[in-house]
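*Asks:* Below is the structure I would like to discuss, written out as structure tokens.
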Amino acid sequence: MSSSSPILLMFIFSIWMLISYSESTDYLVGDSENSWKFPLPTRHALTRWASNYQFIVGDTITFQYNNKTESVHEVEEEDYDRCGIRGEHVDHYDGNTMVVLKKTGIHHFISGKKRHCRLGLKLAVVVMVAPVLSSPPPPPSPPTPRSSTPIPHPPRRSLPSPPSPSPSPSPSPSPSPSPRSTPIPHPRKRSPASPSPSPSLSKSPSPSESPSLAPSPSDSVASLAPSSSPSDESPSPAPSPSSSGSKGGGAGHGFLEVSIAMMMFLIF
């Protein structure tokens, strides 16, 4: 496990360097060809140029110059300040020097000629660590569609139900006149006819005091015919004899009428 750790670290470092170099930028010193030369437009022209950019690990700066008159030396800060051209420096004389910035911090470059360095032909760049690649922000989610207002559908018209046929009032049967039953006369037992008392000759009896006489034959026939009410079925009483008939044989005439009435009753 311990032997694999250095390999893993080197692999991670290689990947990191590869990513850094893939995002590196190549800068031309002074933004023009043959800008590494003397005299400069101003003494601080290269310092002003470097302040316009932000350098990161993996970037490349290129020096273009005339290699017959100029050279490039990578020095420490002390030699940069005093323009010391002697020491352990990295010297370039090819006329098209490309320097890869491999570590963070301040990198110092001076001219191979001390006089030119003092007149401003020198450069210091600040190198920063490459920013960590952040995953791009997710694309904004599309706005949620607003819920469409439901279109109100017209209510379905219910078909009118056919009116239920109302039961037609059945014509009530008119009361038919019930046939009046003719009372069948039952024969009555023959009772001995008692002679009606003869009225007193001294005073004529009043209608309430005179005995009711048997009905006449015409009245008996009428009582047998159908009548409109039960009261009609009873035989009407015979008229009382007038006071004038009570004189001169009234008793015999009354007995005769009673006999005739009894005979008619038995016949019918």
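From the backbone N, Cα and C atoms, a Cβ is placed for every residue, glycine too.
Annotated signal peptide per Swiss-Prot: 1-24, in sequence order, evidence recorded as sequence analysis. What Swiss-Prot records for 25-129 is domain 'Phytocyanin'. According to Swiss-Prot, the feature N-linked glycosylation site maps to N67, an assignment based on sequence analysis. According to Swiss-Prot, the feature disulfide bond maps to C83-C117. For 134-253, the entry in Swiss-Prot reads region 'Disordered'. Here Swiss-Prot flags 134-145, 160-185 as compositional bias 'Pro residues'. Annotation comment: Swiss-Prot describes 199-235 as compositional bias 'Low complexity'. Residues or ranges marked as GPI-anchor amidated serine in Swiss-Prot: S243.
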*Asks:* Within the domain 'Phytocyanin' (25-129) only, compute the mean pLDDT.
*Replies:* 94
*Asks:* Please compare the disulfide-bonded residues C83, C117 by how many other CB atoms fall within 10 Å of each one's CB, and tell me which has the fewest.
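*Replies:* Selected from the disulfide-bonded residues C83, C117 on minimum Cβ neighbours within 10 Å: C83.
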*Asks:* Could you tell me how many residues in the domain 'Phytocyanin' (25-129) are helical, how many are strand and how many are coil under DSSP?
*Replies:* 20 helix, 36 strand, 49 coil
*Asks:* Give the distance between the Cα atoms of C83 (disulfide bond) and the residue listed as 'N-linked glycosylation site', rounded to the nearest whole Å.
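*Replies:* Per the Cα atoms, C83 (disulfide bond) and the residue listed as 'N-linked glycosylation site' stand 19 Å apart.
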*Asks:* Starting from the Cβ of N67 (N-linked glycosylation site), draw a 10 Å sphere and report how many other Cβ atoms land inside it.
*Replies:* 14
